Every structure is written in structure tokens, then in C-alpha cells.
Amino acid sequence: MGAKLFCWPQGSPGIAMMLRALLLTGLLSWANGQEGQAMLPEEKSQIRDQIVEMFDHAYGSYMKYAYPADELMPLSCRGRVRGLEPNRGDIDDSLGKFSLTLIDTLDTLVVLNKLDEFEDAVRKTLRDVRLDNDVVVSVFETNIRVLGGLLGAHTMADMLRQRGDRMQWYGDELLHMAKELGHRLLPAFNTTSGLPYPRVNLRYGVLNPLSRTGTESDTCTACAGTMILEFAALSRLSGEAVFEENARKALDVLWEKRQRGSDLVGTVINIHNGDWVRRDSGVGAGIDSYYEYLMKAYVLLGDNVYLERFNTHYRAIMKYISQPPLLLNVHMHNPTVSVRSWMDSLLAFFPGLQVLRGDLKPAIETHEMLYQVTKQHKFLPEAFTTEFRVHWGQHPLRPEFAESTYYLYKATGDPYYLRVGQSIVEKLNAHARVPCGFAAVQDVRTGAHEDRMDSFFLAEMFKYLYLLFSEKNQLHFDIDDYIFTTEAHLLPVSLSTSQPPCRGNNTEAPTAAEEDLFTYSCPSTQTLFPNNPSFAKTIRDSYKYLTGVGRAFHASPVRGIELPLHDHGMEPVEFLRSMGVSLTPLSEAGSTGTRGEVHKGVYRVKLVAEVTQTTEEEEVEPLLVQLISPPFLGRTVLTAGPAKFGMDLTKQEHGVKGSIVKTSPYTACGPIENAEELSGHIALALRGDCMFAAKAHRLQEAGAIGVIFIDHREGSNSAETPLFQMVGDGGSTADITIPLVFLFSQEGALLTSALEDHSNVDVLMLPKERRLDKPLGKMNIKFRLAEEGELEDGEEGEARGPTLQFVLEKGEVVLEEEEYKQQGDSCLTPGDDHIPCSYGQTAASPPSHSPNDPNTDP
């Protein structure tokens, strides 16, 4: 997400005075009066030069080792070409064999004053890039990265050409490429609702038999609602209204489908009938840039409709989702209920959007919380709990935190935010820099790298960091003449006067919702900081030791309890509940004390913990995965965790048996490539990249009869880490009917090793108390002595089956097997006494046992 530093009034009603400048005027002079150490111009210049050197290292590595591939693999020092590297699922939908990183970086070169490199990169783009490849790509990612990159580069090239000293040869070729790409994306909008398909084939569209797409029924809210800036800019620059009209219609549908009681939207919606598929609502992944684009569409296009919609949503966000400093997901139909106790890193853009609106206090609070998390973990984990523990440890070098830092500095002039920016620069160099670029962090707890450098790192991170340490007079163009897209591409705000809004783009009659000072106008600095230049600091200080990092000890009237909670991905509150401990927030415990300091974690709790009799549903009942095929024969037993959805194995008398097959892709976060092989078998899938429920849906549709999820965190094991129950993704999981279990990585390694060593591995998934304690290989049968000639006189035409023939000959028993018709499962002695015998067993053979024998003694 990016934002311009000016609001542009468009005849808003009831506002006598409209201010064009957002927050900047007069604030920089306050720096010396604030507590944070001021940064001298020389130091800012030195850091700015360091940022340029880092960019040169990243961009130079891409051009040297990867171009014309879409992305750089910084650990392998080569390009990532789709189809030549292992499939990563949905992540690869960004790659279209169109030199993604080059296009995404074009306008960054101009911002960093690398004009020679920019001109050379434009020539390479025109010469080498094709947009008609037979590749299925994400409509959302291709729009913000490639279409936005082409439009931003055209805007910069046109600006330089008009100055008269560069790009005189340029004839709008980038705009022509953008128009071609726009037409290749348009088929995605061919739905009954107007919401776009999530994917499109660049050559064949969506519904063509050769397109290999068009079967999808769902898309995320952000995917459908993050088209208007690029598509409207393309319409107004090219004169073809079709792009803006389609993007506007998609926004209209999302607006109409909002929950009228709460004014919130869900995360995933059906593109054909407009029904919500996932009803959890927040400001992070799946929704984030929908809100951003409503606000920015008003700024770019001058249409009050978008601002009115944004303000309606923003009031709902601040009422239900914002719990300063947290931003929690709630249920759109019941917004007083939080649906999860963790946050994802994409919400780090939101303080920057709040700055654009002028709501600085919550922006400062949330940003400070995020900064404290980065101090604890070096980077923002992809997801972290409300107690600031790691939920998902990955960090793919996302720029949203740097973006919000940039806007808060421009709004407040507080040198504190320069120091925050400096820490980002230092951590990138210390923990992400590698010889061939910068590598994503696979786990912030271990610092392990991932062979990945996404294009947004060059498109966004270096823009925001460079601008943070630059004065306006040090830039070669006026940054305030442009607005940033969500990918930080630059679009000219002059587009608001070049063409009137689309016809019929209206909301219903205005509601009577109350307005605040900043509903239609930008805030004045005096309103925000009434004679108080340390305003931002007074807000931050309340959250300074939020995560406990760097905190001095102070006696507290609230007793704390230290519990051995590990970063194992389980919700801590649920873990406590499973122990029979319930925690009551101070606000609910009748506390009459003064507003005290915030303790580690979010929940300020008084010691009203009580031991309760836990119900059966609250307990985490261990499950087992038992290897029953040779050579294991039941002797290898792995402890597994259950799921809160899918088949309840505790109600299955004999468990679920099947052969295991490894899923492709292993994470099961994309289309299943080996569905035929999986059908009728138990699937092995790696944890990570998407939710358990999403994986289970895909694998069940592929025909799997069960799923064993394996932890992706190296070294985890059931002996040291408490078991937890896998939870859903906020949507419906009632249609998931297959059994699901979870193995930690050490137990999972035993299973995958067995599969590598043996062509077929059968397992039994069952509750711990029904474990087959006796190794398999022994079974009891009964026999009787047949009459002479009976075995030879089977009726003609009857099916013959395997049986045992015991012939008494000279006092010896000879065992032989022959084909004969089924005689039932009982053999009798002459005296009708049942006696046991062993089938297929010699003195040297191990005992075996039928896993389906109901007489088995567990």
C-alpha cells in the first residue's frame, strides 16, 4: 500500500475550508523539541547512500544472475523460471514469463535518480518482454505489479520527456504495452456478478478450452477490489473507458454485498453469485488493499463516492476491528466476536492509510506495536499472536512496515521514525543480505534463509526507505504530484481532471452517520498537535515495552504467571484452556484500579485463574499414526495431533487405514498435480503457506481418504512440544469429512523416510487408547477335518477361494494351500470344539495380526 501526502477536496458538502497539505507544514521544525535524538543532515545523507548501495546490490544481482527471468533466486544465484523450478502453488501465479522484477522496478530507478539505468531498462522492456505467453497468472498480482509497473514507468518516462533532456525517443510504447496487458486481463471480468476470476491465461483468457483456468468459483475481497487505480489510470491515459468501468463494477458489487448491520466485508466471495465464502473481517491479508483503493480512488479520480464508501467502512473498522494497538479479525455478521487471536504482517500498511485519512493517534499506536514486534523478532513474522509470539515465522522482505514508517515521519517530522527506518536498513543488511542479493527469511526464530527475492522488495522497500531519508528538494520531481498504488507505483493525481467519473457510479442516499473533522478534509497540524510537539511520543510511550523487550522490572499489583508456552503455533489461550485454566480480563473482573502499565501480552489479566473440570471437547486427545505394512507390522507408532474439523477418529471403532502418498505440491496450497495418484489414499502434506482447511478442501476434492499434515519447522517433536488441535480458517469446514492428523517434523521425517525406502506404506490413523499394542503378524483361525473326497467334489461353477487343507497322514499334519470355494470362517474338530491355529506362520516367521479383527485385544 502506498499513499499520497495530499487529500484533494472535490466539492465535499458542508466543509467551508479545505486544506490541501497533509500534515507536513510546520512539523519538521518540531524535531529539536522532541525527546528522540535528532538526525543531522550528514547522517541522513549517509544512510540514503547506504540504501542506494543496497538497491544496486539487489537490482544488479537480478540483472546479472536472473534477467530475463521473473525473479531472482538469491541463494542459488539464478533466475526463477516458472515450470523449471518446483511448483510453489499460488505464489507462482505472480510469474508470467514477462521479466516481472524488471517491470516492477522501473519507476524505482527514477525515484533513486538512476536515470541512465531507467532509460536502459525501458529499452530492455520494449525489446525483450512479451505479454502473450501461454501462462496462467493471478489477475490481482499481474495488475498491481505488471500493469502498475508499466503505467508508473510510462508516467516517469513521459515526465522526463516533457522536461526535454531525456527520453526524447520515447513514443508511449510502455502505455501501448499496458493497454495490451489490460485487454489480456479483461476476460477475467466475464462473470455473472462482475467480480473477476482470480486467474487468467495471458494467451487464451479464461473460458477457452486451452486456458487451463476458469473453474474457480471464489476470489478474495482484495483481489476483486484492488483494480480501480490501475484500470482507471489506463482508461484515462488511453481513452478506453472499458477498463475503469469493469473495475468500478467490481467495487460496486463488494459495496452492495457488505454486511449492512456492521458495514464490514468478508475475506473470500463467490464470483458467480456474490455469496460470502469466508466471513471473517479484518484489515490484513485478503481484504487490505480494498480499503486502501477506496481512499486512493477518491484522491486519484476525484469521485466522492469512493470517499463516502471508505468513510463508512472506516467507522466500522474503528468500532469493531481496531482494539489499539491491535487490529483483530472479527466475524462480519457478529463483529463483537474475534475469530482468531493472531495478526498477519500485511496489516502493517494500515497505519499509513490512517495517516492519509488524518487519524494519527491509532496509527501511532499500531505502528509502535509493530515496531516492538520487530525489535523482539528482528523482522515482522508473517503472522504473530496477540501475545506477540510467532505464529508463522516467515518474512518474505515485506515493505508494509517501512511504508507506514515513511508516512508517519512525513506527518509528524519526529526523528524517532528516522531511527526506526535506520533499524530496518541495518537488519536487512545484517540478516537478509547474501552474496547474490537479499534473501527472504524462512523463520525469524532461526534466521534461516529462503531462496526467494520477490519483486515487491525492489518496487516498494527501496522507494519508501529512500524517500524517508530524502528532503523534497533532493528529489528530481515533486513527489506530491503523484499517488502511490499498493505496489508503490506512481500515478499522476492530475488524472482527476482529465475525464469525468464513470456514469452511474453512485452510492445510495447518504446515511445519518456522524462525521468527524477529517471526513472530507485533511487535518491541520494545529488540530493534531495543539501546542504539543511531543504528541506522538506521549502516545508511543504507553506501548514502549509492550512485548517486554528492554523493560526494567517494576512491582505490579497484578500477579503474573510464567507458563512454559512454546512457539509451537498453538493459540496460547487455548493451551491454557486445555489445562483447565480460564483467564478473565481486568475489565471483566471488576477491577477498579487506575489505568496501569501494559504487561507482556495483550490481555491485562488479574489473577482470577480458576481450575475447572475440562470437558471432553476441550481436551487435546492424542491420535496415532501406526505403520502396519511390512516390515513395520505395527511396531512403529507416531503420536499425532487432532483437528477441530473433519472426521472424528475417536468415533471410528477401527480407525482409518490406507496407503500414504506424498502430495504435489507438497504444501497443497495450489492445484493438486497428482490427484489421480492420491485418490483412495492418505495424503501427506507439509504445513505452511496456507491454512489447514484450505489444504484439506483441496485434498478431499482430489479423492484423498485422509490427510497427515507434517510440521515445516525443523526439529519439532511431540516429546518437547504440547499437542494442539488444528483449527479452520474462519470459513465453513462442515463439508470436510475425511480424517486429519498433525505430526511434528521429527515424527513426520520417520514417515517420509519410510515412504522413500519402501514402495508402499500402509498406515492406520486411530485414537491413542485404541492402539494395536501387539505387533501385527498373528491371527487366529479355526479348522475342521473334512470328509474323504469332500475337497475334490466342489460343485461345478462355484467360485473357489483360498482355504487350508489339513490331511491326516500317518499321524503327521501336513499344511498345504489350495484354491477352493469359501467355506466360511469356522472350522470344527470332530468334537465340535473350537481350536486355534496359525495361518501362514512358521516357527521363524514373526507374528501377524489383522488390523480389522474386532476380537483384537488393544
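Placed from the backbone N, Cα and C atoms, the Cβ positions cover glycine too.
The following features are taken from TrEMBL:
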ACT_SITE  Glu141  active site, proton donor
ACT_SITE  Asp288  active site
ACT_SITE  Glu382  active site, proton donor
ACT_SITE  Glu400  active site
BINDING   Thr486  Ca(2+) binding site
COMPBIAS  839-858  compositional bias 'Polar residues'
DOMAIN    656-750  domain 'PA'
REGION    818-858  region 'Disordered'
SIGNAL    1-33  signal peptide
Integer Cα-Cα distance in angstrom, Thr486 (Ca(2+) binding site) to Glu141 (active site, proton donor): 11
Neighbouring C-beta atoms (10 Å sphere around the C-beta of Asp288 (active site)): 26
Glu141 (active site, proton donor), number of other Cβ atoms within 10 Å: 23
Which same-chain residues, if any, lie at least 6 apart from Glu382 (active site, proton donor) yet have Cβ under 8 Å of it: Asp344, Ser345, His391, Trp392, Gly393, Gln394, His395, Pro396
Neighbour count (Cβ, 10 Å) for Glu400 (active site): 26
Integer Cα-Cα distance in angstrom, Glu141 (active site, proton donor) to Asp288 (active site): 14
